Amino acid sequence: MGSVRTNRYSIVSSEEDGMKLATMAVANGFGNGKSKVHTRQQCRSRFVKKDGHCNVQFINVGEKGQRYLADIFTTCVDIRWRWMLVIFCLAFVLSWLFFGCVFWLIALLHGDLDASRESKACVSEVNSFTAAFLFSIETQTTIGYGFRCVTDECPVAVFMVVFQSIVGCIIDAFIIGAVMAKMAKPKKRNETLVFSHNAVIAMRDGKLCLMWRVGNLRKSHLVEAHVRAQLLKSRITSEGEYIPLDQIDINVGFDSGIDRIFLVSPITIVHEIDEDSPLYDLSKQDMDNADFEIVVILEGMVEATAMTTQCRSSYLANEILWGHRYEPVLFEEKHYYKVDYSRFHKTYEVPNTPLCSARDLAEKKYILSNANSFCYENEVALTSKEEDDSENGVPESTSTDTPPDIDLHNQASVPLEPRPLRRESEI
């Protein structure tokens, strides 16, 4: 009995023992690199897939069928179209059959099925089940061919006609409403909202930042668009409690309002890795051994329907590129701006990115190089401008700003000819 209690109330259950922790973190998530116990690294399962679907299965749900039937409208909206069409057809056919049986029983009890009887029938021209079924269809769909009609002989028949008319209106309203709600769901809008394949960590304005890119493939806007992010990882509390997926908010500018974006062209979302960030103690070496997932969420209202949509994606630790930046996609033309989505997922390496954590960088344990680093964004913009000028017949300049044999990864050690640079926002 004691052994049973020991297994039952142990700090980490046998199932949790099977989940190998890549790191056992302290403080705000990752420690400083000295307090970690590294185990055999494994590729964790995604909690949120790249297409936004949650990788979760519910089991042992009590009274699942009753709970789904209690919220039948939401159930009809969420199910697949094939099942929705089955419910659509069954709702009408079963109601026609039910009331057809009722009118047939009324005719049977009143003796209307006897052809030799000359008394007034409850429902004229209803002398078989087929005729009763057709009368039910005509009543509920308000067709009224004129051959079959209810009489004042039987009050029950009159009541059933009124009752079927009301039931038919309810079925029409429910089924048509569910179909329209399903068609108007903004879920398909997510097909034209994209996240970059990889997130990056690089310096921006003198601070180490986590960045990812979002884009809108439609010209219609996403109203009140805003972003948020969470870091998911396993951890053990100071009391010994094991939390399989601890959710930690990642600040993307909620307090200052910069989490709200104007998503006309692709935008890079920036998370400044400061002392409040769960990535504050994470270095390049720690990133290679880390086991976590960053879930990114984009929310907004569809301009056409004013319905709220949510687009999701996630990045595992091995999908975050340290020391990279995104290639520019927005270029200024003569009378408009051009967005090149072929560059949307592309990145380039920034050689001078510090490999230490943001904490070490803030404590001046890593000295940043003062050498002028090569600005790839400006080079791309100038190259694009030269290509456009050559297409328009403008002769190319014979002078070059950069020697052709220079390795781009070693630009920090090569003196560049001074020239006016342009920010990516200006590109």
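Yeah, the Cβs are placed from backbone N, Cα and C, and that goes for glycine too.
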State the residue range annotated as motif 'Selectivity filter' by Swiss-Prot; the candidates are 142-147, 328-333, 358-363.
-> 142-147
Sort out the residues at least 6 away from either end of the topological domain 'Extracellular' (148-156), same chain, that have Cβ-Cβ distances under 8 Å to it, and list them.
-> 106, 110, 120-126, 131, 134-135, 138
In chain order, residues whose C-beta lies under 8 angstroms from the C-beta of Cys76 (S-nitrosocysteine), counting only those at least six residues away in the same chain, are Met84, Ile87, Ala178, Lys182
Just give the helix, strand and coil counts over the topological domain 'Extracellular' (148-156), going by DSSP.
-> 2 helix, 2 strand, 5 coil
